[in-house]
Amino acid sequence: MINTDQSLDSILEKLGNFGKYQCFVVVLFSIAVTLHSSLYNTFVFTTKDLNYRCEVRSCEKTPSEYNSSWLQNAFPITENRPAKCERFVHLNISECNYLDFNRSIVEKCDDYVYETKEKTIIQDFNLHCNQNTWKLTLIGTLNGIGQLLGLPIAGYVSDRYGRLTTLVWGMVLAASCGIIRSLTTIYVLFATFELLDSMIGAGAYSCAFVLGVELVGPKNRVLIGMLISCSYTIGEVLIVRAPSLIIIVYYWIAPESVRWMLIKKKYDQVKKTLRIVAKVNGKNIPEKELQELCSITDTAEKNYPITDLFKSRILILRFINCCFCWITCVFVFYGLTINSVALSTNSYLDFILTSLVEIPGYTVTYILVDKIGRRIGILSTLILTGICCSAFVFIPEEMYWLKLTTYLLGKFAITAAFSICYIITTEIFPTCLRHSSVASCSMFGRIGYAIAPQLPLLEQLWKPLPLLLFGVMSATSGVLSLYFPETTNTKLPNTISEAEII
C-alpha cells in the first residue's frame, strides 16, 4: 500500500514539478525568509563595539576628532590606538604637549570621542569600557537562548495550528518586538525584547522553508531548498525587520501545508489547494485521485522519542558525533559572521562579503555532495575551515586583502560543511527516529549559537583566541566525521537495525 507522501508526490508530478503556481509559492516564501533572516544577526550591529577615546576638552577641536596630533601625549597607546577609558592626568589645561600630562597617573573619564559617526547601544545605554562588554555580548546570547526556547514552542504551534499560522504570527509578532526594542531607552527592556523577538520568531524560518518546497515535485526539491537558503543570505545583507509586518497578507494569498491539512483531515482544503495548483499550471487532476489521496491510510512508521536511540550503542555514538558537528558548524558559522564587523574599519562591506560568500557555499554543496560523497565532503570542508581560521591569525594586519580572502574562504567552507552536516543527519538515523534526531541535533546546535556572541570576551584575554578556537573545533570535528557512515546513493534506513549496518 502506498502512503500519503507517495500519493501526493505522484499528484505533484502530474501537476508539474515546478509550474507557475510552485514558482509563485517559492517566491512568496523566499521573500518571507529574506525578511525574517535579520532576526539572527541584527544584534551584530546594534551591539558592535566601537573605537572611541576619552574626551580632553581643553585639547579638542570643534567638532572633536578621534585622531589628533597630541593623542600620544594624553593617552596610553595599545596596538597604535589610544586607550578607550583612561587618560593621563592633564597638568596644564591650556597646552597639550608631552610635558603637560602626568604620564605616571591615569584617570577615568565620562565623555568620549568616537572614531566614526556609527551609533550602537554603547551610546544609548552608556555601555563604555571593559566592565560593560558583557552587557554587549549578552544580547547575542539572549538571541540564541530565545531560539533554543522558541523552537519547541513553534513546533507545537505549527503541529496544532498549521505552518502558515506559525509563520505569519511568528514574523509579525517578532517584528513588532523588534520595533519596540529599537524604541526603548532602558537596557533591561532592550534585552528582554531581544529574547522575546528571537523566541517568538524561532520557528518562522523552518515553516517558510517547508511551505516553500512542499508543493514542488520531488526532483526539484533540493534545488529549490538551496535557492531558499540563498534568500536567507540576501536577507542577512539587507537587515530589514519592519517590512515583516506585511507578511500578514499571506493569510489570504499563501497556501497552508498540504501534508499538515491531510494529517488534520482537512480534506476539502486539500482538494481546493490542489485544484488551484492544477488550474494555474494548466493541468487536469482527476477527482478520483484527489479522493484516493484523502482516503489513504498512511502506513509510514510513527516517530519515536529520542530516548529510543539509547537502545543502540552505535547510534548513541553516532548521535554524539552529530551533536558535536552541529555545535561546531553553528558556532563557527555564526562566530565568523559576528566577528566580521571587527575585520576592518569598513565593517558593513566586510559583513556583506562574509554573508554573500554563503551562496557559493550552498551551490558547491548542491553540485558536489553526490559526486564526492558526504563523508569526504564534510571532512574536506571542515579541515579547510580549520586551516583558514588558524592561518588568519598569522597573516600580518597590513595584508588586509589576504586576511579577508582567507576569512571568506573559511566562511565558504563552514557554510558547505553546515549544509552537508544537515544532509548526513537526515540520512544516518532510522525513519522512526529521524525527525527527533534532527530536531535534537538542531537544538544542540543552538548552544553554539548562544556561545558565539561571547567571543569579544575571549578577545580580551588574547585577540587571536576566537579564530584559533574556530580552527581547533573545525579540525577536530573534521577528523571525527570519518566515523560517519557513507550514505551517498544508499537507501534511507527504516529500522534501528538497518541504520546500524550502514
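Every residue, even glycine, has its Cβ placed from backbone N, Cα and C.
TrEMBL: automatically predicted annotations, no manual curation.
Residues or ranges marked as transmembrane segment in TrEMBL: 21-40 (among others).
TrEMBL lists 88-489 with the feature domain 'Major facilitator superfamily (MFS) profile'.
Long-range contacts of the transmembrane segment (167-190) within its own chain (CB-CB distance under 8 A, at least 6 residues past either end) are made by residues 32, 35-36, 39, 42, 121, 124-125, 127, 135, 139, 154, 196-198, 200-204, 207-208, 211, 241-242, 244-245, 247-248, 250-251. Taken from TrEMBL, the feature transmembrane segment applies to 167-190 (among others).
Residues annotated as transmembrane segment in TrEMBL: 199-217 (among others).
If you look at the transmembrane segment (223-253), the same-chain residues 6 or more away from its ends with a CB under 8 A from one of its CBs are 18, 26, 28-42, 45, 164, 167-168, 171-172, 174-176, 178-179, 205, 208-209, 212-213, 216, 337, 351-352, 355-356, 358-359, 362-363, 365-366, 419. Residues or ranges marked as transmembrane segment by TrEMBL: 223-253 (among others).
Residues or ranges marked as transmembrane segment by TrEMBL: 315-336 (among others).
Annotated transmembrane segment per TrEMBL: 348-369 (among others), in sequence order.
Under the heading transmembrane segment, TrEMBL lists 376-395 (among others).
The transmembrane segment feature in TrEMBL is assigned to 407-425 (among others).
It is 199-217 that, among the stretches 199-217, 315-336, 348-369, 376-395, 407-425, forms the most Cβ pairs under 8 Å with the transmembrane segment (21-40).
Segment contact holds for the transmembrane segment (376-395) and the transmembrane segment (315-336), given three or more CB pairs below 8 angstroms at sequence separation of 6 or more. If you average pLDDT over the domain 'Major facilitator superfamily (MFS) profile' (88-489) in this model, you get 87.
Same-chain neighbours of the transmembrane segment (199-217): 9, 12-13, 16-18, 21-22, 25-26, 28-30, 32-33, 36-37, 39, 146-147, 149-151, 153-155, 157-158, 163-164, 166-167, 170-171, 173-175, 177, 224-225, 228, 232, 254-259, 277, counting only residues six or more beyond its ends whose CB sits under 8 Å from a CB of the stretch.
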